[in-house]
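Here is the structure we will look at.
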Amino acid sequence: MEPSRAPVLGRLLPPLLLLLLPLYPRTRAKYVRGNLSSKEDWVFLTRFCFLSDYGRLDFRFRYPEAKCCQNILLYFDDPSQWPAVYKARDKDCLAKESVIRPENNQVINLTTQYAWSGCQVVSEEGTRYLSCSSGRSFRSVRERWWYIALSKCGGDGLQLEYEMVLTNGKSFWTRHFSADEFGILETDVTFLLIFTLIFVLSCYFGYLLKGRQLLHTTYKMFMAAAGVEVLSLLFFCIYWGQYATDGIGNGSVKILAKLLFSSSFLIFLLTLILLGKGFTVTRGRISHSGSVKLSVYMTLYTLTHVVLLIYEAEFFDPGQVLYTYESPAGYGLIGLQVAAYVWFCYAVLVSLRHYPEKQPFYVPFFAAYTLWFFAVPVMALIANFGIPKWAREKIVNGIQLGIHLYAHGVFLIMTRPSAANKNFPYHVRTSQIASAGVPGPGGSQSADKAFPQHVYGNVTFISDSVPNFTELFSIPPPTSSAGKQVEETAVAAAVAPRGRVVTMAEPGAASPPPPARFSKAVHSGWDGPTPSYQPLVPPEQRRGKPASPNTSACTQPGALHPRSEHPFPASAPRAAHRAPAGLRNPVSLPAQGLGHARHPAPLPHPAPTLDALRPAPFPLVPNGPAGAVLRVPSLSPCPEWLRNLDSRCSVISAPLTPFETSDPAGLRNTRDDRLDPARPSRTLRPSSHCLETDIVKLVSTLKPSLGFVTSDLCFVRPSECQGPSHGLWQKDVFSSCQNKEDSLSF
């Protein structure tokens, strides 16, 4: 499901690293040591940018006395000095020496006649050598580049062993650093800490996104770019720290740091292009042609970066102060950057055209990274032509790191998983990634290749430890452009429709008899089915018994049918009964309804009495396969620990023994449990005064006769429960009256 992420980076990096590590030129270190032998009469040695007052050169030269006499020439960066003589083919050795001002002590004569040179003759194995050890301080009106050359005009060539230490003051932060490198170590350490913080925050945000199944490939690539950036800065700090100590440093470490820096840039650039094309935002896969284009482009960009590093190490003239982009490879990188921006613009515009609802993300995303795309080439051009050479490296280093920090910081802010973040790009889970292809005919993407537009709408970020119930009840609107979803979890396609209870019997078991018809003796207009159950308590036991605290709703005098708003007339003897004073008051229900907002008009004919509605007994049939008892969710406000489809409504006539109940307010009778043949054993229920009834069977009894269906009736208001508070249990009791979707539909 993921595009090819420039595989050349992983395959080419190790061999390129081995190729580039030996290329670092040793002559650029500020501790310069070497053995020169040349047939020329004028040779460049090294350069250094000294401070205005604290620059110093300490040297030790040694050459055969037969090669006498040689001179050390000190040029500075004035146009009449070094630029006038370096690579000037029309000037010979004497002409190059003529631009030197002797009054400025710019010539060190390596002979015994020149006292300031510190030369003396030594003999080794029969050969006489001139050994010169001394130093020179540099003062100027500003920081200047100084260039050191060796000359012997009219001679037979040059031969010299040299060792030079060029310093700026005695501080650890300045001693071995050239003036144009001041502050680089401090800047790198500061940005290392900042990028480490960004990387840690990105890992934390990635952890949150993973918990919500929103950790997509593009965010992983951003995390990888930030991590590689941290490694790059770490190696830069190691190099500059060692350089500050001995003035040499480790060139291989610097090359490795540059490779990591370029890799971080390439990964982030690829991330931006992929996001512009809508990968993981509006599509789950880049088309084959798009993957090929990305692979070719990233391969070309990678090779250009490698060529730039090789060119800088091998072909940059140490006699000139050059910036990285002052080369054909550098200008090629600028061109590739501009091409990447054009591609980025086209991809973002296409994504916005097909998915306009993603404007809150793409508009600021496009505006922010337009500045970033232009910052790199503009910085290169300004560095090449607008920044003085004696301050270029430290300024460019700070600007370059600032550009990288801007890019990573903006991305981190725009993709933070916060409810207040209106620019969050991801709305499809990682477990619902769909294939996405190229736009179809007419520029529209095919329906089976793109993400459904806002499958989840606006993502609500809540605590990971709390389930997000809002998503359980949110149903996406049907759309013809919805892509094929691939779910990691089992799809609940075989589950019965919500709110419908499906019961099945074992094959071969006895089927329930057809519903009987009520006799029309009570009223000529009444005709309805006989309920599919028999009351457990005989009529003679129900009459004349006081109501217990757990009296069921369907046996109370004058109580409403649980699924009907029409009261049944109660007989006079039953209406006259009252609860004993020692027991709690039974639940009383209003005759007009159960707190429901809607009251349909009463039936045009009177309702029959309970005695007239009582059907003839017939065999009971279990509700589950092989006689098993099915558990169904209780719809009454008072939860039951065991509620079955064949539970009965009964009248409790006698108290229980103390050990059978834990209710401190009263005892409960379990006669209904003992008389229930379908209940395997007596099960204690939590004591409550709320109404309990078998809604499923009672509604199946009266539904055809009453001619209406109540699908979202909530039976009891919380105020009607008179039982004591039971903490969290009481919270669950009233939760069933708060969501209409929790009720059954018949």
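Note: Cβ is positioned from N, Cα and C throughout, glycine not excepted.
The following features are taken from Swiss-Prot:
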type     : residues : note
TRANSMEM : 9-29     : transmembrane segment
CARBOHYD : Asn35    : N-linked glycosylation site
TRANSMEM : 189-209  : transmembrane segment
TRANSMEM : 221-241  : transmembrane segment
CARBOHYD : Asn250   : N-linked glycosylation site
TRANSMEM : 255-275  : transmembrane segment
TRANSMEM : 296-316  : transmembrane segment
TRANSMEM : 332-352  : transmembrane segment
TRANSMEM : 363-383  : transmembrane segment
TRANSMEM : 395-415  : transmembrane segment
CARBOHYD : Asn458   : N-linked glycosylation site
REGION   : 505-604  : region 'Disordered'
COMPBIAS : 567-581  : compositional bias 'Low complexity'
REGION   : 662-684  : region 'Disordered'
With Cβ-Cβ distance below 8 Å and at least 6 positions apart along the chain, what are the contacts of Asn35 (N-linked glycosylation site)? List them in sequence order.
Leu160, Glu161, Tyr162
According to DSSP, does Asn35 (N-linked glycosylation site) sit in a helix, a strand, or coil?
strand
Given the transmembrane segment (395-415), which of the listed stretches 189-209, 296-316, 332-352 has the most Cβ pairs that are under 8 Å apart from it?
189-209
What number of additional C-beta atoms lies within 10 angstroms of the C-beta atom of Asn250 (N-linked glycosylation site)?
16
Report, as numbers and ranges, every residue of the chain located at least six residues beyond the transmembrane segment (332-352) whose Cβ falls under 8 Å of a Cβ in that stretch; write 'none' if there are none.
269, 272-273, 276-278, 281-282, 297, 300-301, 304-305, 307-308, 325, 358-359, 362-363, 365-366, 369-370, 373-374, 376-377, 380-381, 439
Please report, as numbers and ranges, the same-chain residues at least 6 past the borders of the transmembrane segment (189-209) whose CB is under 8 Å from any CB of it.
215-216, 219-220, 222-223, 226-227, 229-230, 233-234, 237, 401, 404-405, 408-409, 412, 415-417, 426, 461, 464
Based on DSSP, name the secondary structure state of Asn250 (N-linked glycosylation site): helix, strand or coil.
coil
